[in-house]
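J.: Take this structure, written in structure tokens, and hold onto it; I'll ask about it next.
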Amino acid sequence: DRQTLVAVLQFLRRSNLRESEEILRREARLLGDDLGAAALSPAGVLGGPDGDAGSLGGEALLSRVTAAPAVAMGGSVATVASSSPGVAAVAAVPPGKGGARAGSRLTSRVVSHCIFGSSFRLSDKLLFNAFAVGGGVVVEDQPDVSAVLSAYNQQGDPTLYEEYYSGLKHFIECSLDCHRAELSQLFYPLFVHMYLELVYNQHESEAKSFFERFHGDQECYYQDDLRVLSSLTKKEHMKGNETMLDFRTSKFVLRISRDSYQLLKRHLQEKQNNQIWNIVQEHLYIDIFDGMPRSKQQIDAMVGSLAGEAKREANKAKVFFGLLKEPEFDVPLDDEDEEGENEEGKPKKKKPKKDSVGSKSKKQDPNAPPQNRIPLPELKDSDKLDKVMNMKEAAKRVRLGPECLPSICFYTFLNAYQGLTAVDVTDDSSMIVGGFADSTVRVWSVTPKKLRSVKTAADLSLIDKESDDVLERIMDEKTASELKILYGHSGPVYGTSFSPDRNYLLSCSEDGTVRLWSLQTFTCLVGYKGHNYPVWDTQFSPYGYYFVSGGYDRVARLWATDHYQPLRIFAGHLADVTCTRFHPNSNYIATGSADRTVRLWDVLNGNCVRIFTGHKGPIHSLAFSPNGRFLATGATDGRVLLWDIGHGLMVGELKGHTDTVYALRFSRDGEILASGSMDNTVRLWDAVKAFEDLETDDFTTATGHINLPENSQDLLLGTYMTKSTPVVHLHFTRRNLLLAAGAYSSQ
């Protein structure tokens with residue numbers, strides 16, 4: 001879009017980034033004179049000196065700039081990704097004079113993400129791959145702020161709004177049962193838009209009466225949104241309210257069968273009810289499918305997010321959910337195993353079994369991404385040793401199932417007056433970390449082996465570097481202790497994550513930073529600054545090197561440990577990104593949000609490839625099954641939902657918890673799903689049974705007619721109460737012992 005290009009070029013010129021401007025101009029084949037001829041005046045781009053119109057026009061442009069394709073410059077490229085409903089990060093800038101300033105600030109941030117030079121490293125390869133594949137993201141039908149609010153000028157008679165709404169309500173309630181459930185989905189979005197239209201056009205008393213008369217009819221899961229809505233009683237309130245701005249900028253999606261839609265259309269045209277028809281055309285996206293209308297139960301399972309359901313197109317992209325091929329190496333037999341077996345006089349049967357573990361995934365998974373789709377770090381010798389240890393442990397792993405439930409070891413944080421806010425456990429279960437509200441990060445050793453720091457440089461120079469036990473000798477025994485406290489954050493620590501090789505630890509905080517700590521020296525190595533607001537979660541990739549963070553600014557960012565700028569920005573959620581998870585093959589990232597949706601993003605090009613709706617509250621936990629095919633999600637509504645990633649469908653709903661589900665984890669073989677909640681319980685679910693006989697035929701995939709089992713109690717294998725400890729974290733050890741953690745609360 002030429003206008004957008006001109007805006008970016010002018011921004012670069014004003015910022016004296018001549019070189020970048022030249023490169024962009026050459027890429028776009030724009031000459032200097034073209035720029036002059038096509039350009040708007042700078043004031044027109046970023047808001048006029050007075051009046052709001054200029055600023056809104058500027059914002060419209062900026063919001064388009066944000067979602068424009070990334071520009072290749074310097075050493076690398078950052079893609080500002082936008083998801084299918086096309087809400088770019090800037091769409092949430094409040095209008096008005098301040099909006100223009102905020103908009104320009106945001107653009108400068110976006111452009112600065114696009115232009116950072118660095119030496120050509122692993123992550124640069126990732127960036128260039130993305131550009132070759134088409135790192136640019138096309139944003140469809142993205143309305144700009146001015147157009148969105150001015151759409152409310154075409155109003156009808158304010159006194160008739162209640163009549164229009166109650167007329168439609170009467171029609172829907174009297175229609176056939178099969179259509180009623182589907183058409184009832186219209187109540188909530190129409191109610192919100194009609195109310196806001198009245199408020200925008202300053203009919204305050206009519207708006208108040210409309211709200212009081214009909215707000216009780218809305219579904220219970222919209223109560224929180226209605227509370228926000230009830231506080232918007234004047235036109236001025238709408239300017240700064242992000243939630244409502246989102247409601248305007250992203251069309252509310254309803255999935256309705258063709259028969260029900262024709263019925264609605266005929267009714268509105270007969271009644272000449274233009275007011276409602278205009279809102280349907282202007283603000284709703286009706287995803288029409290051919291076939292049987294869905295039942296009330298099927299609809300209730302899928303709706304409840306801030307912007308309705310996901311369009312079916314949003315879940316059509318191909319996802320490589322298979323696992324990458326493991327590198328092959330021989331697993332030496334343990335000496336003690338051999339001796340032990342001989343003493344007992346048993347034949348040695350373990351060797352072939354161990355070999356088979358080592359060669360578990362020699363066959364390439366047909367659903368796996370190409371091995372080099374994204375650049376992954378090479379295995380170091382220490383990683384190979386660790387993998388060998390892992391395989392030995394796996395040989396002793398207990399096969400879990402309904403007949404063989406895991407033992408649960410609960411780590412209770414006692415007297416945690418600092419306020420425990422995050423927990424993580426290393427993959428080999430040797431260390432546990434707690435993030436606290438007093439801004440400290442505390443690391444404990446949970447084995448007899450104490451935590452030691454590396455010796456000072458002077459002492460290290462005296463060590464014989466060729467000796468076999470050099471890794472032992474570099475450790476300073478004087479520093480040995482069970483607990484290390486890491487100071488550095490200036491706000492509560494909301495997320496922690498150990499690197500797979502146990503050399504590093506990530507923590508993210510309300511102070512807007514993500515910190516990388518060394519577990520050799522127990523000091524902070526880097527502070528990553530990209531989020532301007534609290535960062536709610538962070539997680540290392542299963543292969544190390546990359547990590548993801550998500551926060552209050554509604555975006556998730558992908559980082560590499562050796563870059564201080566993010567490699568990807570995943571924009572599209574309409575509220576805070578509350579939790580983040582890497583797919584086991586590291587090619588995808590799942591994010592859960594307070595907008596009550598879960599999104600799956602492609603690391604390679606930054607695109608949103610799945611949108612899952614169905615939760616009725618903010619999402620706080622995510623877990624991928626070990627085979628990469630399924631995703632489990634938990635939220636404040638106490639439900640755990642199960643998703644088939646390949647087909648983009650909900651395949652299960654586990655009901656039982658009575659409070660927020662903060663922790664989810666599959667056992668190492670994927671037979672059992674453990675969930676931990678604020679209701680002080682750990683529950684174990686039969687994952688094998690939940691995922692068997694899935695009906696994912698073409699019709700189900702095409703229409704989203706999901707058939708969830710009536711009773712999830714059949715899948716519940718056990719409920720384990722704590723005395724008074726909310727469960728914050730769960731972890732299966734390599735032998736399938738379940739570790740749980742939380743802070744004892746005395747209330």
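Sequential numbering from 1, following the chain as shown.
Every residue, even glycine, has its Cβ placed from backbone N, Cα and C.
Residues annotated as domain 'TFIID subunit TAF5 NTD2' in TrEMBL: 156-284. The region 'Disordered' annotation in TrEMBL covers 331-383. Marked as compositional bias 'Acidic residues' by TrEMBL: 331-342. Residues or ranges marked as compositional bias 'Basic and acidic residues' by TrEMBL: 354-365. Positions annotated as repeat 'WD' by TrEMBL: 413-454, 486-521, 528-559, 570-611, 612-645, 654-686.
Give me the local environment of each listed feature.
T.: Confidence annotation: the domain 'TFIID subunit TAF5 NTD2' (156-284) carries a mean pLDDT of 83 in the model.
For the repeat 'WD' (486-521), the list of distant contacts is 380, 382-383, 386, 419, 421-428, 430-431, 433-443, 451, 453-454, 527-540, 542-544, 547, 549, 551, 559, 561: same-chain residues at least six beyond its ends, Cβ to Cβ under 8 Å.
Beyond its flanks by at least six residues, the repeat 'WD' (528-559) meets 89, 92, 122-123, 376-377, 491, 494-501, 504, 506-516, 565-571, 573-582, 584, 586, 589, 591, 593, 601, 603 of its own chain at Cβ-Cβ distances under 8 Å.
The DSSP breakdown of the repeat 'WD' (570-611), given as helix, strand and coil counts, is 0 helix, 24 strand, 18 coil.
Long-range Cβ contacts of the repeat 'WD' (612-645) within its own chain (Cβ-Cβ under 8 Å, at least 6 residues beyond either end) map to 221, 224, 301-305, 308-310, 319, 321-323, 367, 575-576, 578-581, 583-585, 590, 592-594, 596-600, 651-666, 668-670, 673, 675, 677, 679, 685, 687, 690-691, 694, 696.
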